[in-house]
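According to Swiss-Prot, the active site, proton acceptor annotation covers ASP76, on the basis of sequence analysis. Look at Swiss-Prot and you will find HIS104 tagged as active site, proton donor. The GTP binding site annotation in Swiss-Prot covers 75-81, 103-105, ARG368, 394-396, 477-479 and rests on sequence analysis. The feature Mg(2+) binding site is assigned by Swiss-Prot to ASP76, GLY103, with sequence analysis given as support. For ASP76, GLU77, GLY78, LYS79, ASN101, ALA102, GLY103, HIS104, THR193, ARG207, GLN287, THR302, ARG366, the entry in Swiss-Prot reads IMP binding site. Summarising the annotation, Swiss-Prot assigns substrate binding site to THR362, THR363, THR364, GLY365, ARG366, PRO367, ARG368 and lists sequence analysis as the type of evidence. Marked as transit peptide by Swiss-Prot: 1-47.
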Amino acid sequence: MSLSTVNHAAAAAAAAAGPGKSFSAAAPAAPSVRLPRTRAPAAAAVSAAAVGADRAADRVSALSQVSGVLGSQWGDEGKGKLVDVLAPRFDIVARCQGGANAGHTIYNSEGKKFALHLVPSGILHEGTLCVVGNGAVIHVPGFFNEIDGLESNGVNCNGRILVSDRAHLLFDLHQAVDGLREAELANSFIGTTKRGIGPCYSSKVTRNGLRVCDLRHMDTFGDKLDVLFKDATSRFEGFEYSKSMLREEVERYKRFAERLEPFIADTVHLLNESIQQKKKILVEGGQATMLDIDFGTYPFVTSSSPSAGGICTGLGIAPRCIGDLIGVVKAYTTRVGSGPFPTELFGEEGDLLRKSGMEFGTTTGRPRRCGWLDIVALKYCCEINGFSSLNLTKLDVLSGLPEVKLGVSYNQPDGQKLQSFPGDLDTLEQVQVKYEVLPGWQSDISSVRSYSELPLAAQRYVERIEELVGVPVHYIGVGPGRDALIYK
């Protein structure tokens, strides 16, 4: 089996040749897989771009006042790019959950790469206000590092980022505990990013966590932090705790509190007031529905709700205010960490897909597991979220394959077809996937900007996905850059 010569590794290298460099270290580079390729005529690409511009304006302007971009697989679908593209038409871009475990890679107009983790992907657009909502968890040192990296690369963050006073603080001790927890689990480890996300949400649920607003009361901050340290000591034998450690941490956060103060806001009030003022809000989800604490492949999930319900609880806005929700899905499937993956490809097939798609985690650099597009899981995500449309990303990565496959149903070992996505992991791990095989396409589609210019086989692939899940594909990604997007 062979894959595309024009892959994301080549596109990223071309972008890096432009002015400036990325402020965040890129994931480990993988060798390209190169094959002869038929290129689309340049003139056709130019005319297609003109048609695409009109369609793009129509698509984006038609989005509702409060819209959302959510992942519909196991993360890493390319949500950040779509948010970056849509952001100029919105007044506010808001993160509703998660923390620095999210990794959103975007490129500015000059091709400079930015790897964002907590700061919303709308930050590259000067007129956009970025909000980190109450459902997120904030590692303050990491937050400042991200801001410093942005500003050192010419991105103005002054007065453009607000953090909810209700958001919980993620401390270094949460990260230490995360590593200890994974070590305890040994062979059954979940495969977290070890960024402390789970332990921080655990502190929130057990009600001994500290919130951003606690930084405004340093007279009691130390006592509250002491409770948190003692709890970690009692639960993890390897966690060291001393009074001097506590004093050092309190002094450190006194300095952080002064710098963070201009960013702190009652974002619940701000967002609801903005809705009253008819301002447009774009919600940027982190992770994805298949990692949802309730609906994902538990326990191999994140600790928050990256599905539609998390928008309301993570921002404090009413369900009736939410309009269009766009589900972002790769043209194939990837997963980082442990957990069942029914359509996973092993050996040479999986390796080639990983190399062509540059499938290495933005946050951890870990190689992603790769497989065919899982229609059963995608339909499940569409049901839960009520997506109004889909953004199919990385379609170009499949170029060069003689055939492409869609996992259309699950059968139990006895041959009986499952009627829904199973919540029982024992069942999920034993399913036999039934595939639908479609013809592949050989031509390079990375310069295509009009749907009609795509090879017929690629169009058929897109349309078959629409038929199977019952949701239209409005956006198609054919490369990492802002302009590498087809509006259907």
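Just so you know, glycine gets a Cβ as well, placed from its N, Cα and C.
Across the structure, THR105 (GTP binding site) and ASP76 (active site, proton acceptor) place their CA atoms 9 angstrom apart. When the binding-site residues ASN101, GLY103, GLY365, ARG366, PRO367 are screened for a Cα within 10 A of the Cα of LYS81 (GTP binding site), none qualifies.
The binding-site residues recorded for this entry are ASN101, GLY103, GLN287, and the Cα of GLN287 lies nearest to that of GLY75 (GTP binding site).
When other Cβ atoms within 10 Å of the Cβ of ASN101 (IMP binding site) are tallied across all protein chains shown, the result is 28.
In this structure, LEU395 (GTP binding site) is part of a helix by DSSP. Classification of GLN287 (IMP binding site) by DSSP places it in coil, neither helical nor stranded. Least packed by the Cβ count within 10 Å, out of the binding-site residues THR105, GLN287, is THR105. Sequence-distant contacts (6 or more apart, same chain, Cβ under 8 Å) of PRO367 (substrate binding site) comprise ARG354, GLU359, PHE360, GLY361. Of ASN101, GLY103, HIS104, GLN287, all annotated as recorded positions, the residue with the shortest Cα distance to GLY78 (GTP binding site) is HIS104. Counting in whole angstrom, GLN287 (IMP binding site) lies 15 from GLY365 (substrate binding site) by their C-alpha atoms. DSSP assigns PRO367 (substrate binding site) to a strand segment in the three-state reduction. Spacing of GLY365 (substrate binding site) relative to GLY103 (Mg(2+) binding site) is 10 Å (Cα to Cα, whole number).
By the criterion of other Cβ atoms within 10 Å of the residue's own Cβ, the least surrounded of the recorded positions LYS81, HIS104, ARG366, ARG368 is ARG366. The secondary structure of GLY103 (Mg(2+) binding site), as reduced to three states from DSSP, is coil rather than helix or strand.
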